[in-house]
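If you look up Swiss-Prot, you'll see 29-217 marked as domain 'BPL/LPL catalytic', on the strength of sequence analysis. Residues annotated as ATP binding site in Swiss-Prot: Arg71, Gly76, Ala77, Val78, Phe79, Lys135. Taken from Swiss-Prot, the feature (R)-lipoate binding site applies to Lys135, supported by sequence analysis.
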Amino acid sequence: MCSLRLLLSDSYDPWFNLSLEEYIYKNIPKKQSILFLWRNQNTVVIGRAQNAWKECNTRRMERDGIKLARRNSGGGAVFHDLGNTCFTFISTQEHYDKSISSNIVLNGLSYIGIKAIISGRNDIVIRTENGEHRKISGSAYRETSGRKFHHGTLLLHVDIDKLDYYLNPDFKKLETKGITSIRSRVANLNELKPGINHQEVCLGLTEAFFQHYGMKVKPEILSTDNFCKIPEFFKQFNKQSDWNWNFGSAPAFTHQLDTRFDWGSVTLHCDIERGIIHRSHIFTDSLDPSPLEILAKKLVGIPYNNKSILCCCKEWMQSWPQYKKELSEVSHWLIKTIS
């Protein structure tokens with residue numbers, strides 16, 4: 001006999017929700033199936049093997065207060081806001097696979113009057129009025145030690161402009177070994193059903209979940225108050241919210257950037273591993289390359305973010321007061337470009 005749980009998060013914090021998801025996954029008992037429903041506010045979520053700098057515009061995100069969250073599953077980068085419903089199916093049933101949860105999602109949408117189909121391995125699509133298939137859901141699957149995990153998103157009324165705005169990185173010369181997101185043509189469910197909301201979708205998914213298992217359970221509301229004192233959860237949350245996980249876990253990559261100032265051209269070549277600059281070289285045709293050669297050495301060993309670059313440049317500029325204007329231009333350029 002399989003037991004069921006229906007879990008609802010009252011938090012919009014992506015680090016909390018992803019930590020909660022991981023905690024539930026690691027602690028689910030045998031012969032249990034769980035549906036966890038949640039939402040994130042203004043977040044870019046990237047896959048476990050992705051490079052944040054390649055997938056999204058980190059400078060815009062930092063300026064606008066958009067969080068970055070790296071999940072523990074694979075897949076591509078997605079933008080979340082409150083027009084997005086997240087679902088997670090977790091099970092320790094012996095014969096469980098993602099086709100079960102995928103069909104629950106399709107049936108849940110059908111209950112609220114939306115016809116959708118599976119496309120490829122991980123996507124759910126709808127057919128628009130002009131006959132075009134558009135993606136409304138992407139998902140990822142993982143399995144370890146008898147525990148199965150399938151999570152994904154449903155686009156209800158996501159701000160598509162923000163999706164494009166934050167998921168389009170700056171034009172940078174990046175070479176990376178990470179997994180690159182494949183941009184798909186997406187659609188919001190409110191194009192088919194105006195006024196659709198999170199509560200309505202959750203009711204549809206819940207009904208399909210109960211229908212599949214032939215039983216009903218009361219929903220459990222999960223909040224930060226329930227979990228903040230649990231050491232295992234707290235450890236997971238610290239990891240999930242840490243720069244070293246969200247940015248530093250990126251695969252090794254190379255960043256080359258160049259520009260021209262009135263006094264000469266500058267090309268910076270950096271090799272980054274786990275979010276740290278491991279090698280740096282600057283090429284320039286300036287009449288005195290010495291300050292830039294010193295800067296290249298100072299960049300080695302610091303985190304690849306604009307705060308660290310700013311601290312490095314401030315210290316560096318103090319050693320060359322005679323070049324204050326030129327070095328200020330270089331500093332401003334680096335801080336603006338590396339973010």
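Note that Cβ sites are derived from N, Cα and C of the backbone, with glycine treated the same way.
A map of Swiss-Prot features onto the structure.
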{"residue": "Arg71", "record": "ATP binding site", "Cβ within 10 Å": "20"}
{"residue": "Gly76", "record": "ATP binding site", "Cβ within 10 Å": "19"}
{"residue": "Ala77", "record": "ATP binding site", "Cβ within 10 Å": "24"}
{"residue": "Val78", "record": "ATP binding site", "Cβ within 10 Å": "24"}
{"residue": "Phe79", "record": "ATP binding site", "Cβ within 10 Å": "25"}
{"residue": "Lys135", "record": "ATP binding site", "Cβ within 10 Å": "17"}
For ATP, with binding residues Arg71, Gly76, Ala77, Val78, Phe79, Lys135 per the record, max Cα distance (Å, no decimals) returned as 21
In three-state DSSP terms, Val78 (ATP binding site) is classed as strand
For the domain 'BPL/LPL catalytic' (29-217), the averaged pLDDT of the predicted model is 87
